Amino acid sequence: MAAPEPILRMRGIGKQFPGVRALDGVDFRLLPGEVHALMGENGAGKSTLIKVLTGVYEIDAGQIELAGRPVAFSSPLAAQQAGISTVYQEVNLCTNLTVAENIFAGREPRRMGRILWREMRRRAAELLARLEIDVDVTAPLSSCSLAVQQMVAIARAVDIDARVLILDEPTSSLDAGEVAQLFRVMRRLKDQGIAILFVSHFLDQVYEIADRMTVLRNGRLVGEYRTAELPQVELVAKMIGRELAELKALEDRPPEPDGAPLIEARELSRTGAIQPFSLTIHRGEVLGLAGLLGSGRTELARLLFGADHATSGTLRVDGKETALRTPRAAMGHGIAFCSENRRAEGLVPGLTVRENLLLALQATRGWARPLPRARQEELVEKYINALNIRPADPEQLVRNLSGGNQQKVLLARWLILEPRLLILDEPTRGIDVGAKTEIQRLVAELSGGGMAVLFVSAELEEVLRLSHRVGVLRDRRLVAELENGEQLTTDRLMETIASGAAS
Amino acid sequence: MRELLRHRLLWPVVVLVLLLLLNVIYNNGFLSIQVKDGHLYGNLIDILRFGAPLILVAIGMTLVIATGGIDLSVGSVVAIAGAMACLRISDLGDQGAVGGVLGAIGVALVLCLVLGAANGVLVAAIGVQPIVATLILMVAGRGLAQLITDGQIITVNSPPYKLFGGGYWLTLPFGIIVVAVVVVLTALLTRRLALGLLIESVGGNAEASRLVGIRSRGLTIMVYTFCALCAGIAGLIISSNVSSADGNNAGLWIELDAILAVVIGGTSLMGGRFSLTGTVLGALVIQTLTTTIYSIGVPPETTLLFKALVVTLVCLAQSPAFRAKVFHRRRRRPPAPAPSDEIDEKVSVAT
Amino acid sequence: MTTAGLRRGLLRGRRPLPRRYVPVLVTTGLLIAMFAAGGVRYENFATGQIVLNVFVDNAYLLVVAIGMTFVILTGGIDLSVGSVIALSTMVSATLISDGWAPLPVIGLVLLMGALLGLGMGAIIQYFEIQPFIVTLAGMFLARGLCYVINTESVKITDPLIVALGETHVPLGPELWVSPSVIIALVVLLAAIYVLQYTRFGRGVYAVGGSEQSALLMGLPVARTKMAVYTISGFCSALGGVLFAFYTLSGWSLHALGTELDAIAAVVIGGTLLTGGYGYLFGTVLGVLVLGLIQTILNFEGTLSAWWTKIVIGLLLFAFILLQRLIGARGGQAPPTPS
């Protein structure tokens, strides 16, 4: 393949959010007629880069050129009109309208203001036939599978004369056949000279479809590679990276646990979320879960807390079979769950630090048995000090705290319950290094005190440092359970993640 | 000072004080309160007394709105409660019998509880939007009230019932005492007990509340039931005051006034944080506005115009979009805290 | 989250093609059943004129419900319609009795309604306040203006208006409708054309389906939303004019609670209150159901008028449950925070 001039070129892109540098001097280019994968873990800056490119955010530094001319988009619509179309996993179409209408909404063929339905259907059918998509254009979009909906979105984008097509995690909810169909369409578009930016968490898919890839980490560019020249293990290493230097080493790894099994999952699964898995967590044990974003690590954790219903399998707590139908039931067994999505699933932003801290405890007591004020203040003070929450003002609204301190509030909320199993889903994501170390130290202490911890993290260093055992997930499957000993290294973990087998 | 300026009850208080001042200018003796025959009389007492039903309804509405819902059916419930009580009393052999009257009141309030629970079940268990769920009872309830009264205005002649809304006790109008009791009880339930915290949590973030194990379904049903109970008591006061029940007109538009009172009191229609004090102030603002319009000689018909104005102003003042567009200095304040954990999430609801 | 996406995916997997027609079919069945029951039970019921009378008595409601359908299709609501009807009758009656010519007055009233709607739509769109609250303020405003103009009922004696109100347009032997019905049907046809055959009309559905998507697809969302409230305001004013033909008076207490009737007609007609799904044909059926309930109660004689409200309430309940059952989207959502 000859290297033509890039259709899109981004240089030195910088984007700052309060407290976080989301993108820092990132270069990126996209050639016509290629599928280019954008790779990176949570917080790497992928989404920010896409949002910057499509006009959702303004850039703080750098420049964007489209077909050699500098551009700045004020909105996704402006980007679309310039030829950059985006198709998201959550399809941005109107499912109440028909397929044909979704393709032509706002651009319907008309005569004297009257929509020519027949003409519209004919053109929609032609367009879809060209992409080899077999679907009834008069059917409402809601009756189509998600895959077809995505392809309809793509068809719409292509028909608007897209030169750059961004596919943001289009395959997350598709089955293998649908993915194949999508890839067929993508190849066809590629042959027509369209540049496709592809984001996926499935390494196999990336290696199947992408010509080149750009890897980001922590808002910086790691590099641009030809897919064929970059082995999977190296890719994982580049995505995950190492942060050793920044963290003070923990004094000790937590002592080896000798507890009895606390919770045992047997062939537990949830359709579409996680394949059947079996897992045992012992008292006083830190079990780490490693895997890339979208590998099913959050889904597994949610099943153990009853946040979602399992579709098959059994769960034993203290050797007794139980169905955890609600979070409340799980809490009754001493299980606590700190979600990765602080804003949507953790904080009640309009309430104070004190109220957020005491929420779980109060929920278990019910509304009729309030915590005495003195006890409240005692608990709140204790945990604000223990976790070093800043500002140390219990009456501050929690929405005014920084990310790290919000995370500590959520942790404290669960610690107050003195749970037997604490599930932490990415507790250190998006927070500053100081708070990160504090939380890691806390996990070690808790486990030393006999609490079992399920620790989900994207950072392998962190997982290795804290865990007694490590479960590895890949493509919604628990592929390995490794004892954390001398011989277990980040390299070996990466290999397992990349290959999907405990070598 | 800055604390004071940013206090959320500042504006309702200011408006209330301004309204009272306006009255004083027109009538120097406006604030005076006299004792006649052991009863308190005065304009302020009247405002409280005539505002009593609205305060009651608004208190119940506050909790519903705090859960992120709304209850449009309170006006109908007001009518039903009055109708039911008057029907039972008019069936009594001796309308003066205290036991019979209490029984009638009991029946009426139980009916309200059932209706409220039905609203709650529709919202919490079946998952119908609150505005739609309560619309049903808003429409059907009026018919039900008229069905109970058989389309007539039932008049009763019952001294014990008259006491409820028209009588005096300990020099105060009985209605004011009822309101005071309900307000204090609600405050105790929500603020002394943990009900308020859990309601605010459900309204502020329903998913987070589920994940900390709050039984939001039961809580929501309870709140709608309580709201209907408040409306029922208000209906009794209204009907007792005139010793009759009018299924058609009792409590007409009170749901709108109540929502208005809640909004003026600083509780957001999006749910979450609520303020009972604010709601009481809001209800008093509305009642004082009505009184003022009468007393300064503006035609009473214009009350609705003023209400329209107040609704618009209050909502505009609470609208972030409006503030952003009108007061640019908002930009100089520190921007909203870092979306640090969100910057890498989907654009599903971008812009 | 993925789980939500999946659930949606699964729901989409069902065969929903006939689903969107179910409410309309149910309403049609209901209407036929009611008419048949009436015909069996009462003499002189199953005649053409009974059906036509339902139209005659409810022409104004039909026009208002058409406007309401536009608003509800976008996922909004308009509580001001009843008050705008009253205001229109009041303004018309007052101006005409002051000696204005009727046609300019009607034009002025229609303009007033449209502007009121536009104003509310603009506030909803640009200040992001819930439609419910904004149109509530509009309701207070319009009703209040009525009282300011006149607290008494004002009679209309203008010959043209009286003629429009009392003329019988013959449709056959012993069959007639009023001119208002003709006007209402013209509005209906125009509205159906707009919804089905113009970009604006399809935009209304798109906005109701997903405002976010409509925005990203480049549809003029702001304009569409303001336009539907303008249309609703215009329809309310026109409904008020027809109401004035019908009652030959202007009064501040006219059409109390008509907003509820209009919303009920739209919902019974199968339009989803969350927006995006529904047809004007259904709205017509909804209006006819409401009118037929009234007619049956009139025939029954012993049944009192309040049964209308109870029956409407029960129907609302039934149809909302139906919507929850057949629609994946019933909305746990609180009243439309944008």
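Every residue gets a Cβ built from N, Cα and C, even glycine.
Look at TrEMBL and you will find C:21-38, C:50-72, C:79-97, C:103-124, C:131-150, C:175-195, C:226-245, C:279-297, C:303-322 tagged as transmembrane segment.
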Criterion met for the transmembrane segment (C:131-150) and the transmembrane segment (C:79-97) (at least three Cβ pairs under 8 Å): yes
Proximity verdict for the transmembrane segment (C:226-245) and the transmembrane segment (C:103-124), three or more C-beta pairs under 8 Å: yes
Feature contact check the transmembrane segment (C:279-297) with the transmembrane segment (C:50-72), CB under 8 Å, 3 or more pairs: yes
Spatial neighbours of the transmembrane segment (C:279-297) far in sequence, C-beta under 8 Å, 6+ residues away: 23-24, 27-28, 30-31, 34-35, 37-38, 50, 53-55, 57-58, 61-62, 65-66, 68-69, 188, 191-192, 195, 261, 264-271, 303-305, 307-308, 311-312, 315
Contacting positions for the transmembrane segment (C:21-38) when only residues 6+ beyond its ends and CB under 8 Å are counted: 45-46, 50-51, 268-271, 278-279, 281-282, 285-286, 288-289, 292-293, 295-296, 299, 315, 319, 322-323, 326
